[in-house]
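Read through the structure below, which is laid out as structure tokens, and then see the notes.
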Amino acid sequence: QLTYPSGTATAHLINSFHTPQGAKLAKKQVRMLGRFFSFSFLWSFFQWFFTGGDNCGFSNFPTFGLKAYQYKFYFDFSATYVGVGMICPYIINISVLLGGILSWGIMWPLIETKKGDWFPADVESSSMHGPQAYKVFIAVAIILGDGLYNFCKVLSRTLSGLFVQLRSTSSRASFTVEEDPTASPYSPKQSYDDQRRTRFFLKDQIPTWFAMGGYIIIAATSTAILPHMFHQLRWYYILVIYICAPVLAFCNAYGAGLTDWSLASTYGKLAIFTIGAWAGSEHGGMLAGLAACGVMMSIVSTASDLTQDFKTGYLTLSSPRSMFISQVIGTAMGCVVSPCVFWLFYNAFDDLGLPNSEYPAPFATVYRSMAKLGVEGVASLPRECLVLCYAFFGVAILVNIVKDSLPSRWGRFVPLPMAMAIPFFLGPYFAIDMCVGSLVLFVWERVDAAKAGAFGTAVASGLICG
């Protein structure tokens, strides 16, 4: 029931070419999609000519002034995120913008004034001993608070729904969307087409025993093999990761459904910190943390990617089993292709990963700094960082409770903590793009609601795909 903007755009692109009825409207939608696809592609091509390196070109234009640009408040002329904003609900885009204003507009400038008090004055802004620690760990706290709340809520609704179905004499009646215990609280009433899609999708489900058995087999295989590849990574570290990963994978899939952002790297950073601290510096904690990051990111990113593909399959009346088998084939290909590509780069460039080289791999420095921090423990975090994490974890849960407690007509105006957390470490620039997309759709609906309803998704899909 979540949006999954990229999955929805892909499904719309597929359906536009395979609609058995409404051929006239379908042709117009395809024409509109093609027009904005071309515009988006040509606009990106045009921008490329004015990009001379990092922080250069249209995507880094100081739209609101240099001081605002310093705190990542600018419009980066991205057709992709304008399209995403047209597909995402208004409350998602507003929540992302509010998160950007709260963090980069208020919190980070205030924390910078504590330089020399809360953290060393000479530390780099990207260091995990300085401002970067607040950005990363406060965002993680909000995401975990919101994700765990929704996980418990969905799980309780699912269990209660199953209990009611087992006790009900009409448990074999046809399943309708209105009975779905896990339906999102802001989902509109479903049409006949969506009810049909749901019945078709649930008819071809992957058996639970297969999913659980497959996960256990993969966990056992990883636990047995990985310690031989990375001697610092103990087998019980991997086992703990596989026990905790399903909850984090749910959080990631839920967040991706709301905002189109996969936060696998965030959960990877969490694994670096926890496993690195657990292993300690004397037992290769840095390498253990980095290897654990790879394991965690593989699990949580696959969860969001596969669920997004299921959204596409749901909208195109495709078999979930076919989608799953396609993912297995693609993953198997990746196991061969990705190491080969890395091997080519590793042999072609002697300075791969070094600063000021053609391929400096800046995230390598960031992740190594995190691993070093994880080994040194929580005590090495800047002052008040842990307190702020606790506070925002609680606030995320409280906001969700308030949202669910209010009547739906008022609760729909309460921002979503998961969406607010994303700009905490990325910046608000993409939120501005998304809000521009919302504004375009809002004005279009006021001018011509019929055309906006018929062609809005086609225009958004064209902007994203182009």
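Glycine residues also receive a Cβ, built from the backbone N, Cα and C atoms like all the rest.
The transmembrane segment annotation in TrEMBL covers 32-50, 90-111, 206-226, 235-255, 286-304, 324-346, 385-402, 422-444.
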Outside the transmembrane segment (235-255), six or more residues from its ends: residues with CB under 8 Å to it: 2, 143-144, 146-148, 150-151, 215, 219, 222-224, 226-227, 261-264, 267, 270-271, 275, 278-279, 288, 292, 295-296, 299-304, 307, 418-419, 422
For the transmembrane segment (422-444), distant same-chain residues with Cβ under 8 A (at least six beyond the ends): 71-76, 78, 80-88, 90, 92-94, 96-97, 99-101, 103-105, 132, 135-136, 138-139, 142, 255, 259, 261, 263, 266, 451-452, 456, 460
Distal contacts, the transmembrane segment (206-226) - CB-CB under 8 A, six or more residues away: 233, 235, 238-239, 242, 246, 291, 295, 320-321, 324
